[in-house]
Amino acid sequence: MAGGRCSPLPMVLLAAWVAAETAEEVRPEQASLPAERSMVLPMTASNWTLVLEGEWMLKFYAPWCPSCQQTDAEWETFAKIGELLHISVGKVDVIQEPGLSGRFFVTTLPAFFHAKDGIFRRYRGPGIYEDLQNYIVQKKWQSVEPLTGWKSPASLTMSGMAGLFTISGKIWHLHNYFTVTLGIPAWCSYVFFIIATLILGLLMGLVLVVISECFCVPGPRHLSEHPEQNQKSKEAHRADQLLDAEEEKDDSNEEENKDSLVDDEEEKEDFGDEDEAEEDEEEDNLATGVDEESGDTRDQGPPREAQEEEEPEETEEDAPEQPLSPDMEVTEDTLRQRKSQHAEKGP
């Protein structure tokens, strides 16, 4: 304090304290106000079943999608009047929830869905507040075909699709971790996934083999120890069966042949009896015909005998060539045919 001067250090400290106090008092009132609460409910794999009850509107988006960002404000405005329309409004981030995007089979962004008591419909209009409000108030969703059957997000098929999308999302996140966070080259990440796929396939095959061994009934032990002997015994058994079948065929053929021979002999005997009867009848007819002709010759008398005495040589030569009557010729032909048939059947 000598010389009437103050030390500069206390003055600097005092000025810094005054400035700090003034800055705290001049803070904007907006910083102290709480942020406005959003009326849009984020949907995840754990709470998505809420949409199966009541009426809902869902929006599928991605943070990097420009079209999705343009509809964010309209969607928030639509959610604020949700209570007046008796409707709940939700949103799904397809990056964080790939399983839900697979369950609803979302292929374009943004995608909007309407749900009413578990019945889902795809909204294909613009994501503008007025259009969304008219879609609910005027019940335009009733004219839209619902997603039924295997296309329904609650079906077993789409549940499997959700599992596949979930696995693909985890693989994608892991790939980004390798390439972005750790700085590993992309080809090294691909090689890792290829090797992991092969190992996983081998493990699953091993599990299936173990399950089959546990649940399948094992065969007899002696059959498994001697496969060659079992094969030979099977072949011998098959050969025996074939021989038995051939013998049965031969026996049946022999019996059929015997039966056919017996039938032929009986038929021959029947034909022989019929032939003998016919021959006897023909002989009787022939005898009667000869008697009639001899009676006719007797009636003719001496003129024919005188003619025979005058030309004895000519009659002897021409006697075999004299024409017979038609009845005689027919009878002689039939007798010859019968004799020839008997001669053939005799041996």
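Just so you know, glycine gets a Cβ as well, placed from its N, Cα and C.
Bear in mind that TrEMBL entries carry predicted annotations, made automatically and left uncurated.
Annotation comment: TrEMBL describes 245-294 (among others) as compositional bias 'Acidic residues'.
The compositional bias 'Basic and acidic residues' annotation in TrEMBL covers 295-306 (among others).
Residues or ranges marked as compositional bias 'Acidic residues' in TrEMBL: 307-320 (among others).
Annotation source TrEMBL lists compositional bias 'Basic and acidic residues' at 333-347 (among others).
The domain 'Thioredoxin' (45-136): residue composition by secondary structure is 37 helix, 24 strand, 31 coil, according to DSSP. The domain 'Thioredoxin' feature in TrEMBL is assigned to 45-136.
TrEMBL lists 245-347 with the feature region 'Disordered'.
The annotation signal peptide is assigned in TrEMBL to 1-23.
According to TrEMBL, the transmembrane segment annotation covers 190-211.
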- Take the transmembrane segment (190-211) and find every residue of the same chain, 6 or more past its ends, with a Cβ under 8 Å from one of its Cβ atoms. 171, 175, 178
